[in-house]
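Peer 1: Pulled these from TrEMBL:
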DOMAIN    B:99-297  domain 'ABC transmembrane type-1'
TRANSMEM  B:37-59  transmembrane segment
TRANSMEM  B:103-125  transmembrane segment
TRANSMEM  B:132-157  transmembrane segment
TRANSMEM  B:177-198  transmembrane segment
TRANSMEM  B:219-244  transmembrane segment
TRANSMEM  B:279-297  transmembrane segment
Amino acid sequence: MSTITAAESASAPAATARKRKPMKGSRSSTTTALLMLLPAAVLLITFLLIPIGLTFGLAFTNARLISPRPAEFVGVDNFTRLFDDETFWASLRNTIIFAVVIVPLQSACALGLALLVNVKMRGVNFFRTVYFLPVVTSMVVVSMLWLFLYQPNGLINQALARFGIQGPDWLGDPHTALLAIILMSAWQAMGFHMVIWLSGLQTIPGDLYEAADLDGADTWQKFRYVTWPGLRATRTFILITITISAFALFTQVNIMTQGGPLDSTSTLVLMAVRTGFQQQQTGYASAISLAFFVLVLAVTLVNRYFTRDKDVVR
Amino acid sequence: MSATAASETLAHVAETAAPEHHRSGERSHRARAGLGMLLRIILCLVFGLPLLFMLVSSFKPDLQIFDDLGSIKAFLPTGDISTANYSGVFGRVPFAQFMMNSVVITVVTVVFGILVNSMAAFALARIGFKGAGIVLGIILATLIVPFETLALPLLWWSNQLPFLGPDGFSQGWLDTYQVQIIPFIANAFSIFLFYQYFDSIPKELDEAAKVDGAGWFRIYRSIIMPLSGPAVATVAILTFLPMWNQYLWPLMAVQSEELRPVMVGIDYFKQLNTSWGQIMAYATMITAPVLILFIAFQRSFINSIASSGVKG
């Protein structure tokens, strides 16, 4: 019986754990279970839980990456330095702008793609495959490729010139550099979220659409009253995953602009790598990581709050 | 309800009274289908052309790449086509070494990842023990922590860790193979995926096997794992992709050229005189293995991405 109470006190898996009943010889069962869990537990503790703790701990020290001297406690020094650092505010601003623009852009376009390929039609699989190709191409390759496409006389500007548009120096101009990186990132990841939207779309029962047809609903009404409500869980998931991965922006920026011009594309992770790796100031980098962590946590909590709110309304 | 009924009646009236209206509706339906098709094709170009450009340019000399930019020739294998860029890549970087490193790191992580995470999930989903729910809760809670927040503290931590290797005891993991592998074997999301799958397999199977005298490990190895093909494929693909594409971590944790994976190798081409043809050749070569696997196992790839969306 004790298994049941323990399972009930934990929220997520309670429903599934409750069904289980203790088996015969449960002491040796527990031993086997713990043994099988052991490798994963040791690794997760060493490489996930301890580093999470270290992010908090090291942020208050002057730890250096490679140093003969042990780290010393320095109080909130790293944070006072951080809040006086203009690059930090620029990085924070860029990271937030990146997320705020790319989340609606990418999720809406990906939903559009999913709707376009969610039809029974010959050859539709070909389109799905092509839209998905950038996803299996690594961000490193995509960044290198677009670095070339974005050159002042590169492919994109030459194509624009055909329509009589004088394209900007995409990555060299502080006004367009972040936008250029946003567009490229959306291009790369859109296929990924298309697939997730698609799996959401396919969970909506077909008879709902048949019923809507009988009621004489037009395409927009079917989308508004059948598709959209049916995608609620998918929506939450996509919103959270795009936001968190947007905050982690690093590869594109490191390859394409190194944060420039004039810090216009600097991000929190890029700044953490600069200070913690190139300048070896682990303590300061941990303070930046902590700021990043707080941002992620805040977004997750806000998201939870809003999705819960809707549950009550419904 | 009455509104619906009214609109139904209206539709009926319209159908009987004015058949030509109905036909125009048909025509607009066909126009819309045509528009959708046009959109699909344009999007195909948007997503496909840059990659085609990369492939085609990898066979062209630098000067010609620039010359072709203004026309459709940018996407066609025309002019002076050769594999000079490819041999150039091999002359410039130890490509075979980079490739081997990436393959070893990825394969070892995928294999051990499947083993370690499935065992943990088996213990949680099928054997169960006091506190299993709490352990699963902690694992799920860590899912929101992106690796990037931990990267810098983990870098420092890796430098403090001892390691018992074939050459005896050593201090610090930086600049080794294991620093690129071991931290990524256990994965909360993989455990979750296995847990979900194992949990959906009828528990009666365990009981029956027990009657036949099988122990838990036997049940794991001979019953549950063979039944879990889709979950194994999903975890394999979701481990393989990020491992192959890893950039941030090896950039910091590995300094020796002979230990570097392919993604970090691209930095060599940005230094000194940039040859775009060679960059495109290198990019094509490091993308090809993933692309080939994707085309071969397309359904599994799509399914695994789709099933990663079921959490939430």
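Residue numbers in this text run from 1 along the chain shown.
Yeah, the Cβs are placed from backbone N, Cα and C, and that goes for glycine too.
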Peer 1: Per the definition of 3+ C-beta pairs under 8 A with sequence separation of 6 or more, do the transmembrane segment (B:37-59) and the transmembrane segment (B:177-198) touch?
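Peer 2: No, since the transmembrane segment (B:37-59) and the transmembrane segment (B:177-198) share fewer than 3 Cβ pairs closer than 8 Å, they do not count as touching.
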Peer 1: Examine the transmembrane segment (B:103-125) against the transmembrane segment (B:177-198) and state whether at least 3 Cβ pairs sit under 8 A, considering only residue pairs 6 or more apart.
Peer 2: yes
Peer 1: What residues elsewhere in the chain lie close to the transmembrane segment (B:279-297), defined as a C-beta under 8 angstroms and at least 6 residues from its ends?
Peer 2: 54-55, 57-59, 65, 85-86, 88-89, 93, 95, 99, 102, 233, 237, 240-241, 244, 262-263, 265-266, 269
